[in-house]
Amino acid sequence: MIKLFTLKQQKKDGEQKGSQQKKASAAQLRIQKDINELNLPNTCATDFPDPNDLLNFKLIISPDEGFYRDGRFVFNFRVGSNYPHEPPKVKCATQVYHPNIDLDGNVCLNILREDWNPVLNINSIVYGLQFLFLEPNPEDPLNKEAADVLQTNRRQFENNVKKAMRGGCVGETYFECCLLK
């Protein structure tokens, strides 16, 4: 009787593990599809530190115009097992003076929050992030100080961005150099 109970429990445990693996498999299949369909602009590149782990990767954006021209910004992507029903977690690893990216690397992009839906993909996020560098949005800021400066004194904002990208202090915050050249 005890052996029968043990066998039933093992079977149940095996089924639960199988269903968990199916969820991960669905996320892996979808991310594989998204990566195969990536159409990166020449200002973006991906890096997979572990080629066997497609759920964790880096996106490097190097804008060729706008305030952030000639900068190099690295974003870490962490894709969860509920992808595409939940968006990936995206953080900026490069500290940047930007209204929509806070000093901890959190990114304010609507499709990473309330506007996410399963028909969106990694390509959508790449273009959204790239757009943030071309057109920072002071109306929906994470870095309120940068947003205020952008709204009230565009020239000062541009100077602050350049100073931060060269490696310097803006206010009390020191930024590492992130220039390509």
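From the backbone N, Cα and C atoms, a Cβ is placed for every residue, glycine too.
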Which range of 4-7, 96-99, 124-127, 132-135 is region 'Interaction with Uba3', per Swiss-Prot: 4-7
Tertiary contacts of the region 'Interaction with Uba3' (24-54), as residues 6+ beyond its ends and Cβ separation under 8 Å: 60-64, 79-84, 121-123, 126, 130
Surrounding CB atoms that lie within 10 Å of the CB of CYS108 (active site, glycyl thioester intermediate), all protein chains: 18
Secondary-structure category, per DSSP, in which CYS108 (active site, glycyl thioester intermediate) falls: coil
